[in-house]
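Have a look at the structure below before the remarks.
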Amino acid sequence: MGPRLSVWLLLLFAALLLHEERSRAAAKGDCGGSGCGKCDCHGVKGQKGERGLPGLQGVIGFPGMQGPEGPHGPPGQKGDAGEPGLPGTKGTRGPPGAAGYPGNPGLPGIPGQDGPPGPPGIPGCNGTKGERGPLGPPGLPGFSGNPGPPGLPGMKGDPGEILGHVPGTLLKGERGFPGIPGMPGSPGLPGLQGPVGPPGFTGPPGPPGPPGPPGEKGQMGSSFQGPKGDKGEQGVSGPPGVPGQAQVKEKGDFAPTGEKGQKGEPGFPGVPGYGEKGEPGKQGPRGKPGKDGEKGERGSPGIPGDSGYPGLPGRQGPQGEKGEAGLPGPPGTVIGTMPLGEKGDRGYPGAPGLRGEPGPKGFPGTPGQPGPPGFPTPGQAGAPGFPGERGEKGDQGFPGVSLPGPSGRDGAPGPPGPPGPPGQPGHTNGIVECQPGPPGDQGPPGTPGQPGLTGEVGQKGQKGESCLACDTEGLRGPPGPQGPPGEIGFPGQPGAKGDRGLPGRDGLEGLPGPQGSPGLIGQPGAKGEPGEIFFDMRLKGDKGDPGFPGQPGMPGRAGTPGRDGHPGLPGPKGSPGSIGLKGERGPPGGVGFPGSRGDIGPPGPPGVGPIGPVGEKGQAGFPGGPGSPGLPGPKGEAGKVVPLPGPPGAAGLPGSPGFPGPQGDRGFPGTPGRPGIPGEKGAVGQPGIGFPGLPGPKGVDGLPGEIGRPGSPGRPGFNGLPGNPGPQGQKGEPGIGLPGLKGQPGLPGIPGTPGEKGSIGGPGVPGEQGLTGPPGLQGIRGDPGPPGVQGPAGPPGVPGIGPPGAMGPPGGQGPPGSSGPPGIKGEKGFPGFPGLDMPGPKGDKGSQGLPGLTGQSGLPGLPGQQGTPGVPGFPGSKGEMGVMGTPGQPGSPGPAGTPGLPGEKGDHGLPGSSGPRGDPGFKGDKGDVGLPGMPGSMEHVDMGSMKGQKGDQGEKGQIGPTGDKGSRGDPGTPGVPGKDGQAGHPGQPGPKGDPGLSGTPGSPGLPGPKGSVGGMGLPGSPGEKGVPGIPGSQGVPGSPGEKGAKGEKGQSGLPGIGIPGRPGDKGDQGLAGFPGSPGEKGEKGSAGTPGMPGSPGPRGSPGNIGHPGSPGLPGEKGDKGLPGLDGVPGVKGEAGLPGTPGPTGPAGQKGEPGSDGIPGSAGEKGEQGVPGRGFPGFPGSKGDKGSKGEVGFPGLAGSPGIPGVKGEQGFMGPPGPQGQPGLPGTPGHPVEGPKGDRGPQGQPGLPGHPGPMGPPGFPGINGPKGDKGNQGWPGAPGVPGPKGDPGFQGMPGIGGSPGITGSKGDMGLPGVPGFQGQKGLPGLQGVKGDQGDQGVPGPKGLQGPPGPPGPYDVIKGEPGLPGPEGPPGLKGLQGPPGPKGQQGVTGSVGLPGPPGVPGFDGAPGQKGETGPFGPPGPRGFPGPPGPDGLPGSMGPPGTPSVDHGFLVTRHSQTTDDPLCPPGTKILYHGYSLLYVQGNERAHGQDLGTAGSCLRKFSTMPFLFCNINNVCNFASRNDYSYWLSTPEPMPMSMAPISGDNIRPFISRCAVCEAPAMVMAVHSQTIQIPQCPNGWSSLWIGYSFVMHTSAGAEGSGQALASPGSCLEEFRSAPFIECHGRGTCNYYANAYSFWLATIERSEMFKKPTPSTLKAGELRTHVSRCQVCMRRT
């Protein structure tokens, strides 16, 4: 049994081996033919073997593994030999996705905090000591010192010539200062007896009437001594005589005195007789200012300052790039003739200097301006003036107390009243020599009585009875009441020159006199020596860069004396002048009795008294105060504040003579210069209206302080109160010195005298619209405009002189007159300050600029929603074309806000170094760069061939409502289109929303602190060029801010009753009042100090601008360079205060397109573009509205494909619904755009010759009327002065007409038309465009009528001593205009000054012409499809659905059941059968049909039958192939069986669709668009064919959805066998449509091998589309 069993087992083993071998052979495909009979035979044996194997087969099978030794099967075909395929297997886990699309550019980072100021630069070497600087400008007047003790008596003056001197008569000296009222003197000697007058009508003595005004002055007596005539009646006061010439007058001839008149009535107690020269009296009040003295000697040089750090001497280098303004360098060594530096800013006012010695006596000054009336406080009584002319007889005095005087002599004097006004000197009565009487006892000073009402002039009293027995003195009567001040007497003969009185205390600052004619320009002063610069942070440097315009500076040194201006109005009567007998000042004597009537003395100072009778009609007075504001008058000259000239730098190479510069505005107040040579005396003006106030004493001029050392720039001080106007200084010589650190703007000085009008400057580069500054000081009065239409009735004028009539009721306000013709064009103002090199922050919306040239039409934008009309702006400059970004989603326009109030003025950036004065602007600033779309994936892009064909132009979208006008961006040069990136998600909301509707404008608040510079928002993509918006309706005028501190003057009251009191002591300087709310819009305010520079925005290739280095020494002036390029716009600053509209600069040439800027996020939607000029595209046919199917379940989102080729542009869809405004995005990080490197900014060229005069700007709107000044004393009208600074901003003028339409932008490149794109999500609200520049100013309003006269009875106290310098006050209100300077002699033209600091950035020039189109960039790849749009609004109900029975099968290629696409219904789910192979023949299923989705899975889903009615299942070497999932093969590569197969088999769904379904293939990596009228079901990869065992397989119809698999896999199917196993085998191939470029269609294909990770880059994309129903 054993051997037999062994044999059996051996046979069995052999059979098994044979079966195994054959099975292997069969598995490996050895049986190539269809008739493998041997195989069948062996197979039979094999079956027997199987039945005989229970359990043993596996054991035996292991030896069978030696099969590889047999050479039968080619080793690589089936999986056993596939070990090297392991990496491939890993590949099936999913190849790496295509490179992700680049993310959106990050938002720009939030700008960092302002850094602290950098440390000061390293000090340079010490320079050699410069030459002596020019004399510094006189310091501000020191505070008045306390009055010094009376000086010693001066030398006695030379006696004047006495012509016609009556022998024996003494000439009177000039009037001394009034002494303290003496005690009543003892009665004088009796006067000579007068002749007996005719008896008067005796009336009962009435109560004493108030003193009447003095009667009119009598005629001057003839000039020879005639016989004594009867006493004449008092003559009528003549008008003030014309002032004599202002030469130093010799004493006049003494006119012979007329005969003595009859004896007058007893006078008031006369002045004390001349005693010995008394002790000097107390210091009287300061007399009127004398005429300006001759120019003083040049002061001794100041103490040289410490040496500054020397600068390194610079050679003339090539023009370097312009650095940012560095810290001030030390002074350089002056080698040869260096160019003169600019004169520094005013230093801080020095401490008051010590009171200097009195200078030599100057020529008589021109009469000072009347001080404002002092407040009545009891002053000390002045010494009696000369006796006035004899007045007419007053009312009868009180009856004397039985004092018959002896024989007509004076009655016994009553107790002395308070001193009367000075009488005219009496005639000498032939007394050969008047001996001075003894001084009377000093009377107690009376307090001033209340002023009585002005009485009528009494009739002449009766002549007193002659007193026969009047030899003895009568009893001393009680003191009479104080008489009224006497009339001004005729001018007496000039007395002998008295000693110089002590200077009085400073008087109050007088009201501004009328503006004199402009003096001729003075000759240039001698050249000063350069000052030294001391680096001391606390001291203000000499001139830094020009500060922002400060308050008008103090007047410069006096020019050579100009001709006399027109006669000013007579000042108010001053305090008694200081004409005394020459000699030492005695102590005031007591009041003597009145002497006999002396000769007519020189005119006493004007007395203060009641108004006399109405004189003859005077010449026309000055205009009264402003009337009610009329329509705005013509625009005055634009005033500019010119900084004080710094010391001139070293002489530069002489430039060619420029055109005459424009007249500068007032500079900072200079310290008062030395008095100029006296001008001629002006004619006497008309008497003013109203009671003259008492003049305040004139203040003493302080000595000039030493020049302060340059300080480091301090923080800007508060604006000080305006100082007193100084006299016009002489022009200093240019100093030689280096510019100091830029100081802070000094405290506003006293308004200087206005400079002459400058010649018209060349147009500066237009700055960005500045904000309106606070009102400047009242400028010089502008030229009279043409008469306006009759304005509304003014308020009642001040009552004329005379008894006030009954006040009529004020008339009602008349209607405003119609608009007058535009005023005469003002002269061009100075060019603005040079701008910074670095562009400042972008301002808020500028005012409307002039209309740009019309750009060519851009492509039509999507219609925006109707915005509210914006304020009419001028069209901005045309921007250059930005990089062509991927079109952003259309944003809905936000609601347009009404224009907000002007924002606060942003800080100025650091001043740039001096730029040259440019010719009229070259190209304008580059517009903001739009955000480029996300860059597409640029892998494997042939940049040369990327650009696609130009498509047809899309249909013109509907014109949307006009959105707010965006600023027109300058077009960038077209960038190379990147591949279209994936549509990004909607960007973060732009930083700035549209302004909401503004409420009614609130009162303007005080300016807030300057905010730090905001972060740079993402630049929006440039909107398409909007149609210029319709000019908005005129905004509601803001409600006027509260008036500033000073209210308008009220209507003049009736003249007060009473004599104006004496001047009170000067009150202490009041604290600065709280700032009023800002008045109506003022002139452009002075620029703030530059803020710390904002962080520079990211810029293109050039690095950020470094911190400013220390400035080098000034190089020699280079030749004029070309204008530097515009700087990159800085971060947008806060809005500055609105400036008044400057004159419009000439249009710049159209700029070249700028380079691209930083890509930002999508900007706000641009306004409606001008319709494009492209040809209209063909309209797509509209599909019929089908019946609506049921909504299917949403499919799973496919993974994004590789970016497809950009499809043709579809027709423009209708505007999407308005999206909600997004939240503000965080600032993105700058993304480097395609912008080429921008060269560094060139050095600014030297100033070009002034360009031709630009066309006149449109007249600005008149500013509001400034506060009324105090009523000036009316004078005769002066010659019209130079045009004043602009007044305060008037009410808004009548709305300007719309700006000229901007030039049409160049035509954009036509877009590439594609298929109709799917509707994207509504874009987020873009950033609101900048407000257009300010509209064209309206026509000039009519000139307002003069305001009502100010009150004329304000009595001003004397100034107190100045307190210590307080902290700078808030900026004061606009001071009244200073007096008009006298016409100076025209100076010779000075050397050209050094180049100014660069002005502020001009407004962008007008848009340059569009550059030629660049060559078209290569066509970008189309971006991947955007995410699905938001669901559309609900459509109309469809027609009832009909089951059409169209089936589509969708394969998930995962283990999840797929969802049917939207619009289809699920019928069932199953497993994805690809094809089956039986009997070595394959038959495939169309994956798009239901046959490919079997509801059940089996590795052998079929059986085979023969004609013998025998069927076999799972009995042969047959296969089934199923779509597989990404499940990776097991590492062992062993076949998978059982339930482990489940994860490998794809699931499918059969869906019923309402319409035909088909697949479209792009044969590119772009996803094709569905044809019009078809909608997308899914996108995928174009699967064509597959083969596996025996090279059998099948394919897909490309029109079938089965040819578009949603997942690409190199092995998309798995092979399963009847024996229950599945696996991937190396002979399985999948075939996919490849990508074909158009240019490669008829060329030999280039072989290539793609590895994992790049497979998808050459597989065609497809989309399954369903016809819309």
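Including glycine, each Cβ sits where the backbone N, Cα and C put it.
Per Swiss-Prot, the feature signal peptide maps to 1-27.
Swiss-Prot lists 92-104 (among others) with the feature compositional bias 'Low complexity'.
If you take every residue in the region 'Triple-helical region' (173-1440) and average the pLDDT, you get 58. According to Swiss-Prot, the feature region 'Triple-helical region' maps to 173-1440.
According to Swiss-Prot, the feature compositional bias 'Pro residues' maps to 196-214 (among others).
The 3-hydroxyproline feature in Swiss-Prot is assigned to Pro204 (among others).
The annotation 3-hydroxyproline is assigned in Swiss-Prot to Pro207 (among others).
The 3-hydroxyproline annotation in Swiss-Prot covers Pro210 (among others) and is backed by similarity to another entry.
According to Swiss-Prot, the feature compositional bias 'Low complexity' maps to 234-247 (among others).
Sequence annotations record features per position, and here Swiss-Prot assigns compositional bias 'Pro residues' to 367-376 (among others).
Sequence annotations record features per position, and here Swiss-Prot assigns compositional bias 'Pro residues' to 413-424 (among others).
Taken from Swiss-Prot, the feature compositional bias 'Basic and acidic residues' applies to 497-508 (among others).
Feature annotation from Swiss-Prot assigns 3-hydroxyproline to Pro587 (among others).
Here Swiss-Prot flags Pro602 (among others) as 3-hydroxyproline.
The 4-hydroxyproline annotation in Swiss-Prot covers Pro603 (among others).
The 3-hydroxyproline annotation in Swiss-Prot covers Pro605 (among others).
What Swiss-Prot lists as 4-hydroxyproline is Pro606 (among others).
Across the compositional bias 'Low complexity' (92-104), DSSP helix (H, G, I), strand (E, B) and coil residues number 1 helix, 0 strand, 12 coil. Separating the Cα atoms of Cys1493 (disulfide bond) and Cys1551 (disulfide bond) is a whole-number distance of 11 Å. Between the listed disulfide-bonded residues, namely Cys1505, Cys1548, Cys1551, Cys1662, the fewest other CB atoms within 10 angstroms of a CB are found at Cys1505. For the pair Cys1622 (disulfide bond) and Cys1511 (disulfide bond), the Cα-Cα distance reads 23 Å. Cys1662 (disulfide bond) sits 9 Å from Cys1570 (disulfide bond), taking the CA atoms of both as reference points. Each of the disulfide-bonded residues Cys1622, Cys1665 was ranked by the number of other C-beta atoms within 10 Å, and first place falls to Cys1665. Fewest Cβ neighbours within 10 Å among the disulfide-bonded residues Cys1460, Cys1493, Cys1511: this applies to Cys1511.
Of the recorded residues, Cys1604 (disulfide bond) and Cys1665 (disulfide bond) place their C-alpha atoms 11 Å from one another. Highest local Cβ density among the disulfide-bonded residues Cys1570, Cys1604, Cys1616 belongs to Cys1604, counted as other Cβ atoms within 10 Å over all protein chains shown. Per Cα geometry, Cys1551 is the residue among the disulfide-bonded residues Cys1460, Cys1551, Cys1570, Cys1665 nearest to Cys1511 (disulfide bond). Spacing of Cys1548 (disulfide bond) relative to Cys1460 (disulfide bond) is 9 Å (Cα to Cα, whole number). Between the alpha carbons (Cα) of Cys1551 (disulfide bond) and Cys1505 (disulfide bond) lies a span of roughly 33 Å. The Cα atom of Cys1616 (disulfide bond) lies nearest to that of Cys1505, taking the disulfide-bonded residues Cys1460, Cys1505, Cys1570, Cys1665 as the candidates. Between the alpha carbons (Cα) of Cys1460 (disulfide bond) and Cys1665 (disulfide bond) lies a span of roughly 13 Å. In three-state terms derived from DSSP, Cys1570 (disulfide bond) belongs to neither a helical nor a strand segment and is classed as coil. Secondary structure from DSSP puts Cys1460 (disulfide bond) in coil.
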